[in-house]
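Only one structure is covered here, and it is reproduced in the block below.
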Amino acid sequence: MASSIIFFGFLALSFIHALASDPSSLQDFCVADETRNVIVNGLACKDPKMVQADDFSFSGLHLAGNTSNAVGSRVTTVSVAQIPGLNTLGISLVRIDYAPWGINPPHTHPRGTEILTVIEGSLEVGFVTSNPENRLITKVLQKGDVFVFPIGLVHFQRNVGNGNAVAIAALSSQNPGVITIANAVFGSTPEIPSDILVKAFQLDKNVVNYLQSKF
């Protein structure tokens, strides 16, 4: 009896794990066809006979992004929107350029773990663990160093050098998504009622109104 319970327990766990994972591809590729008005979890497939090499390539990642903005960074994304051949493959890429002391502000990727490599410069990086600990795990990276940001956790980067910095990051989703914390909280449409933010952040209402005006 005990062995049967253990067996079915493992069987149930395996079933749950299978439901919680992305399905494996059943074909060599499924190049995204954005012309088809079919709602699926991902994008509909182009006829394989119509697939070309350009469906699997992207040019321009050698070009520096324009960091002349409030945060001093620019993210160049290479996801399924740029490479249709990434559809169903569960991976994407970004280039991040940082001005001196520029930041990639606190954000999350709801659908992907990120692994970042510093190409030039020095970066202070970190992520915060979930409640209740909310522990900050942080490190200063040099050229060639690699750091992982687990899926869904709030994380950031800051250029701690006097020159420009560059990083390349891979993410475990064709479309990992990004939620920038400040923009989401203070810049949502419509706005989150200010009295909720006053209570949540323990701030004066005028401060909340000011922050909402910035986003």
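Every residue, even glycine, has its Cβ placed from backbone N, Cα and C.
Keep in mind that TrEMBL annotations are predicted by a computer and have not been checked by a curator.
TrEMBL annotations:
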type     : residues               : note
SIGNAL   : 1-20                   : signal peptide
DISULFID : C30-C45                : disulfide bond
DOMAIN   : 59-209                 : domain 'Cupin type-1'
BINDING  : N104, H109, E114       : oxalate binding site
BINDING  : H107, H109, E114, H155 : Mn(2+) binding site
Distance, H109 (oxalate binding site) to C45 (disulfide bond) (CA atoms, angstrom): 25
Residues flanking the Mn(2+) site, with Cβ no more than 8 Å from the Cβ centroid of H107, H109, E114, H155 and excluding those residues themselves: T108, G112, F127, F149, L153, V154, P176, V178
Neighbours of N104, H109, E114 excl. site residues, C-beta within 8 Å of centre, oxalate: V94, H107, T108, L116, F149, H155, A169, L171, P176, V178
Distance from H155 (Mn(2+) binding site) back to E114 (oxalate binding site), taken between C-alpha atoms, in Å: 10
Of the binding-site residues listed as N104, H107, H109, H155, the one whose CA lies nearest the CA of C30 (disulfide bond): H109
Binding-site residues compared (H107, H109, H155) - the one with the fewest other Cβ atoms within 10 Å: H107
C45 (disulfide bond) CB neighbourhood, other CB atoms within 10 A: 19
